[in-house]
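For reference, the structure discussed in these notes is given below.
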Amino acid sequence: MTEQQPIAVLGGGSFGTAIANLLAENGQAVRQWMRDPEQAEAIRTRRENPRYLKGVKVHPGVDPVTDLERTLADCQLIFVALPSSALRKVLQPHQAALTDKLLVSLTKGIEAHTFKLMSEILEEIAPQARIGVISGPNLAREIAEHELTATVVASEDDELCARVQAALHGRTFRVYASRDRFGVELGGALKNVYAIMAGLAAAMDMGENTRSMLITRALAEMTRFAVKLGANPMTFLGLAGVGDLIVTCSSPKSRNYQVGHALGEGLSLEEAVSRMGETAEGVNTLKVLKEKSDEMQVYMPLVAGLHAILFEGRTLAQVIQLLMRGEPKTDVDFIPTTGF
C-alpha cells in the first residue's frame, strides 16, 4: 500500500537514510529532513550520503530537505531518526504541527537527564499524536545494501503498525508487529551498552566462550532490568531483544561495537567517540543506566563493570577479576527452578 501523502524521515544519519531508501523503493514519496544544507545539497546532487552512508545510492524518490515546518505540515506518517540528545530540542518548537500525526521513533537511546525513551518524549511533546517505535537487528548499511533483514514495529495502535508494515515491507525487509512498545524500545536502547563491551572483548582477543558468556549474561541483565520497569520478558526472546543484541555485539559494523574495539586498542573514550564521527548511543545510555539500576537495586554486574572501566579508572583485568569472583546466580530468570 502506497501512502497518498509523502512520508517524512527526520534525520540525515545512516539509519534514517537507509529507511528513506526503503520507503522510496516501495514507491513512496519521501521527504528526508536534515539540519545541514550542505549535506542536503550533497545528497540532492550526488544521490549519495557521503558523510554517513558512503557508496550507497540514494533513491530518486528521496527528497532531501531542510524546512522542518513544511515537512511536518505535508506528511502524516513521520519516522524520527534523530539522536536521543537532539530529539526534544528539534521537535519541541514544532509541537502544534505534530498533532494527530503518526510518529515512529527509529532512535535506540535514552534521554540522559530524564531516563525517558524516545517514544515517551514524543508523547510529552505531542500528546495528541499516535506513537510507535521500530527496533531490531538492523545495521543501516546492510539494510541499504539489501541484505535480508527483519524488524519490529511496536505500538498499541494496530492501525499504525499496519501502515508502517505496508510502507516498509519489501523483498529484502520484513516487518513484524508487537504491542509491547516499551519492551521493544528498551531492548534497542539497552543493547548498545553491551555492544561496547563486546567490541572491547574482541579487541583484547578474548575467546569465543567469553564472548558467548558476555552476550547471554547481557540478555539476562537487560531482561531483568526491563521487567522491573514493566516490560514483557518474552519480548527479549525476539528480534528486538536477543536478535538486536547478537548483531550489535558481533558486528564490526555496529557503531557501539566500534567504540568498544577502539577502547580495547588503547584509545581514550574521547578518541574512540571522535574516530566514529557519528553518535554511539551506548556511551550516554551507560551513564543513565548505571544510575537507574543502582536506584532501583537491579543486579547488573556487566553495566557496573563497563562503567568502572569508562568512567571510574578501572582496568579491564580488574573488572574481570571482580566479575568472576561474584556470587553465582540463577542462569535464567523468570522460569521456576523447581519441578523440572
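Placed from the backbone N, Cα and C atoms, the Cβ positions cover glycine too.
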Matching residue for the sn-glycerol 3-phosphate site, where Swiss-Prot names Lys108, Lys191, Asp244, Ser254, Arg255, Asn256 - out of Gly55, Gly61, Gly136, Gly305: Gly136
Site co-member for NADPH according to Swiss-Prot, given Ser14, Phe15, Arg35, Lys108, Ala140, Arg255, out of Glu69, Glu159, Glu271, Glu281: Glu281
Nearest-integer angstrom distance between the alpha carbons (Cα) of Ala140 (NADPH binding site) and Ser254 (sn-glycerol 3-phosphate binding site): 9
Phe15, Lys108, Asp244, Ser254, Arg255 filtered to the binding-site residues whose C-alpha is within 10 Å of Lys191 (active site, proton acceptor): Lys108, Asp244
Distance in Å spanning the most remote Cα pair of Lys108, Gly136, Lys191, Asp244, Ser254, Arg255, Asn256, given for sn-glycerol 3-phosphate: 15
Neighbour tally for Gly136 (sn-glycerol 3-phosphate binding site), based on other Cβ positions within 10 Å of its Cβ: 24
Cα-to-Cα gap, Arg255 (NADPH binding site) vs Gly136 (sn-glycerol 3-phosphate binding site), nearest whole Å: 15
Within 10 angstroms of Glu281 (NADPH binding site), Cα basis - binding-site residues out of Gly136, Asp244, Ser254: none
Mapped DSSP class for Ser14 (NADPH binding site), helix or strand or coil: helix
